[in-house]
Amino acid sequence: MAIIHFTKVHGSQNDFFLVDEEENHITAWSDTKRADFAIKLCDRSHSLGGADGILYVAKSNKAGAIGQMRVVNSDGSIASMCGNGLRTVARYLLEKHALTDAKVETMKAILDVRKATSLGFDIPTYQVEISPVKFNPESLPMYVGVEKLFNQVIPELDEELAFSAVSVPNPHLITFVDQTVLDSDKQEKLASFLNSENPYFPDGVNVSFVKRLNEDAIYVRTFERGVGFTNACGTAMSACSLIKKMLDQDTLETPLNVYNDGGRVQVTAKKDETGDISLQLIGNATFVSTGSVRYDDIVTELTNEATVEQAQYQELVQEVKHFLKTTG
């Protein structure tokens with residue numbers, strides 16, 4: 001039996017339990033045990049309301065990194081990256097170490113994180129690097145008849161929609177659609193198919209449908225691999241922003257407002273001297289509550305104390321809903 005203390009967090013209402021492995025004395029846990037705990041704690045029928053996954057925070061042995069983030073989805077699978085989750089981990093570690101910027105180790109890269117100017121309503125806001133960005137098949141296993149998929153119709157997937165695929169570093173399949181397609185069940189059917197046994201994306205893929213709102217704003221809805229539909233997916237919003245900029249030949253560094261069912265973020269991009277692209281995701285890092293559970297064969301709630309931050313965030317959500325309603 002173990003008593004586990006947590007912080008319930010969210011980025012764009014993509015919610016997680018943040019668990020500090022060192023403070024909870026669970027650094028020796030196996031991946032199997034981490035997965036089992038995630039499956040049980042993240043169940044939406046649990047008294048704590050469940051979550052999209054667990055963010056395990058640990059010490060890093062990489063030079064310059066102040067900590068390590070490991071993401072386990074609600075189904076027990078491991079996510080190589082989570083942009084919304086990283087913002088909350090960035091806040092947790094920066095506050096813990098009394099810093100305003102640092103580096104955090106993720107599965108595929110050591111990424112820059114920093115405190116940022118609030119996007120509104122004094123909501124705690126953080127900026128995190130999203131990289132590496134790759135289009136090559138080695139980073140994005142797919143069998144759709146092309147090595148690089150950019151704005152192309154793949155009849156096996158859909159007769160009309162043009163798709164792009166990119167890894168950041170988890171895999172994303174992206175298409176731009178109108179409201180009629182958004183209102184249909186096309187995304188759910190396609191994403192469910194591509195995240196079950198299929199000949200096109202053997203490891204599954206995050207599937208995003210994107211609607212243009214204006215020159216400086218898009219709306220993104222994502223079916224996440226291992227989770228399903230979520231309020232928002234940070235890496236998806238970053239990837240969709242990049243594809244939009246490439247399609248429109250926009251300046252990479254210009255901030256793009258990205259709206260989603262969970263709120264709003266901003267994304268910028270840059271290309272270094274070698275041609276490699278990195279993205280910057282800017283958005284909320286909200287701490288919803290702190291509490292503890294007892295973990296043995298089941299996970300039992302012991303304590304759970306709410307903060308005032310979620311009420312604060314709802315002001316932004318109402319602003320977003322009004323914007324989406326009036327923009328159409």
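Glycine is treated like the rest: Cβ placed from N, Cα and C.
Here is what Swiss-Prot says about this protein:
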type	residues	note
ACT_SITE	CYS82	active site, proton donor
ACT_SITE	CYS233	active site, proton acceptor
BINDING	ASN14, ASN73, GLY83, ASN84, ASN170, ASN206, GLU224, ARG225, GLY234, THR235	substrate binding site
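Shown here: features listed in Swiss-Prot, placed on the structure.
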residue : record                 : Cβ contacts under 8 Å, 6 or more apart
ASN14   : substrate binding site : ASP52, CYS82, ASN84, GLY85, THR230, ASN231, ALA232, CYS233, GLY234, GLY262
GLY83   : substrate binding site : GLY11, VAL128, ILE130, CYS233, GLY234, THR235, MET237, SER238, LEU281
ASN170  : substrate binding site : ALA79, SER80, MET81, ASN206, ARG225, THR235
GLU224  : substrate binding site : ASP52, ASN73, ASN206, THR230, CYS233, ALA236
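Same-chain residues with CB within 8 A of the center of the ASN14, ASN73, GLY83, ASN84, ASN170, ASN206, GLU224, ARG225, GLY234, THR235 CB atoms, the substrate site residues themselves not counted, are ALA79, MET81, CYS82, GLY85, THR222, VAL227, THR230, CYS233, ALA236.
Take ASN14, ASN73, GLY83, ASN84, ASN170, ASN206, GLU224, ARG225, GLY234, THR235, the residues named in the record as contacts for substrate: the widest Cα to Cα gap among them comes to 16 Å.
It is CYS82, among the active-site residues CYS82, CYS233, whose Cβ has the fewest other Cβ atoms within 10 Å in the structure shown.
GLY234 (substrate binding site): 28 other CB atoms within 10 A of its CB, across all protein chains.
Under DSSP, CYS233 (active site, proton acceptor) is assigned to coil, being neither helix nor strand in the three-state scheme.
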